[in-house]
Amino acid sequence: MGGKRAWWLLVFCNLFWAGNYIFGKFVVTEMTPLWLTFARWVLALVVLIPLAMVLEKPDWRQVAKAWLPLILMGLLGVIGFNVLLYSSLEHTSATNAALVTALNPVVIVLFSVLFLREKVSRIQASGFILSLLGVLVILTQGHVLRVFQTDYNQGDLLVLCCVLVWTLYSIIGKKVKGVSPITATAASTALAVVMMLPFVIAEGVDFRALSPLAFTGIAYIVLFPSICSFVFWNVSVRAVGASQAGITLNLIPVFTAMISVALGERISQSQVWGGLLVFIGVTFASGLIDQQWKRRQAKSSAEVMDR
């Protein structure tokens with residue numbers, strides 16, 4: 001796949017994920033986070049499995065060989081991330097959740113350094129610090145000096161756990177060899193659904209009590225964030241790399257804030273300034289500034305040699 005197409009897929013991927021925060025907050029008032037996660041993915045499988053069969057014609061023996069990373073992807077990316085996210089939306093705003101998860105690219109790069117032995121520059125290191133400072137501004141509502149005295153919102157802390165879980169999911173996804181992206185998504189989702197089944201049966205849910213808004217929210221979450229975004233993300237990561245794809249996660253809080261404001265939610269100054277620090281920090285940590293600097297140096301060197 002070409003680079004431009006991959007970047008466009010990432011834009012829509014993040015737009016759909018932004019809607020997941022908005023609709024998820026509405027649905028969790030009527031359905032538990034576990035049941036919403038289960039309903040989301042069991043319905044998405046109806047599309048994902050045929051899609052994988054038609055478009056990728058997977059070699060199931062090769063898929064079976066990757067059973068361990070696929071189980072981990074299902075446990076982390078499907079169950080862990082979603083249950084934590086929907087649980088957080090019971091306690092915090094959609095905008096706050098989106099702003100904190102914007103830290104994801106920084107943590108992905110940090111984990112790549114720790115576990116994949118990737119190198120970082122001073123600019124990237126400064127990006128880590130700026131991003132963390134931005135998240136602290138959001139979590140402390142602008143009172144950063146009271147970082148150890150603040151009673152943190154439970155939802156915000158759950159979102160931080162989401163960041164860690166999604167980072168592990170992204171790194172494990174890079175290690176899956178010989179399995180096409182849609183097939184990997186479908187297989188990991190199917191395994192996650194099986195793992196959730198006994199727990200949702202024990203928990204139970206009354207579908208007759210759900211409102212039309214809840215059903216609309218579930219339909220949106222199934223079609224767009226579950227199917228489109230997961231496929232778009234996996235395809236794009238393989239085209240441009242996890243670190244580069246992670247840059248576009250900055251778009252989630254932007255889209256979420258825009259939708260939230262349109263729905264009447266007020267945005268605080270701490271969210272604006274904290275989000276700005278996260279955005280700048282992620283840009284630095286992504287390595288884009290380093291790449292531009294190297295290009296300029298190379299261009300300058302070439303001009304000197306021409307003279």
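Residue numbers in this text run from 1 along the chain shown.
Any Cβ shown, glycine's included, is placed from N, Cα and C.
Per TrEMBL, the feature domain 'EamA' maps to 8-139 (among others).
Per TrEMBL, the feature domain 'EamA' maps to 155-285 (among others).
Annotated transmembrane segment per TrEMBL: 7-28 (among others), in sequence order. Long-range contacts of the transmembrane segment (7-28) within the same chain, counting only residues at least 6 positions beyond its ends with a Cβ under 8 Å from a Cβ of the stretch, are 36, 85-87, 89-90, 93-95, 97-98, 213-214, 216-218, 220-221, 224-225, 228-229, 232-233, 235-236, 240, 245, 248-249, 251-256, 259-260, 263.
If one looks beyond the transmembrane segment (34-55) by at least 6 residues along the same chain, the residues whose Cβ comes under 8 Å of a Cβ in the stretch are 24, 27-28, 78-79, 82-83, 86, 180, 182-183, 185-187, 189-190, 192-193, 196-197, 199-200, 203, 205, 218, 221-222, 225-227, 230-231. Feature annotation from TrEMBL assigns transmembrane segment to 34-55 (among others).
What TrEMBL lists as transmembrane segment is 67-85 (among others).
When Cβ-Cβ distances below 8 Å are used as the criterion, the transmembrane segment (97-116) is approached by residues 18, 21, 85, 88-89, 124, 127-128, 131-132, 134-135, 138-139, 155-156, 159-160, 162-164, 166-168, 170-171, 242-243, 246-247, 249-250, 252-253, 255-257, 271, 274-275, 278-279, 281-282, 285-287 of the same chain, each at least six residues removed from its ends. Summarising the annotation, TrEMBL assigns transmembrane segment to 97-116 (among others).
If you look up TrEMBL, you'll see 128-148 (among others) marked as transmembrane segment.
TrEMBL lists 154-172 (among others) with the feature transmembrane segment. Here the transmembrane segment (154-172) has long-range neighbours at 69, 72-73, 76-77, 80-81, 84-85, 87-92, 96-97, 100-101, 103-104, 107-108, 111-112, 115-116, 135, 138-139, 237, 242, 246, meaning same-chain residues at least 6 beyond its ends whose C-beta is under 8 angstroms from one of its own.
Marked as transmembrane segment by TrEMBL: 179-201 (among others).
Look at TrEMBL and you will find 213-233 (among others) tagged as transmembrane segment.
As annotated by TrEMBL, transmembrane segment applies to 245-264 (among others). Residues 6-7, 10-11, 13-15, 17-19, 21-22, 93-95, 97-99, 101-102, 104-105, 108-109, 170, 233, 236-237, 271, 275, 278-279, 282-283, 286, 288 of the same chain lie 6 or more positions beyond the ends of the transmembrane segment (245-264) yet place their CB under 8 Å from a CB of it.
If one looks beyond the transmembrane segment (270-289) by at least 6 residues along the same chain, the residues whose Cβ comes under 8 Å of a Cβ in the stretch are 95-96, 99, 102-103, 105-106, 109, 120-121, 123-124, 126-138, 140-142, 243-244, 246-247, 249-250, 253, 257. According to TrEMBL, the feature transmembrane segment maps to 270-289 (among others).
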State the non-local partners of the transmembrane segment (179-201) in its own chain: residues 6+ outside its ends, Cβ under 8 Å from one of its Cβ atoms.
34-35, 37-38, 41-42, 44-45, 48-49, 51-52, 55-56, 58, 62-63, 66, 70-71, 73-75, 77-79, 173, 230-231, 234-235, 237-238
Local confidence of the domain 'EamA' (8-139) - pLDDT mean:
87
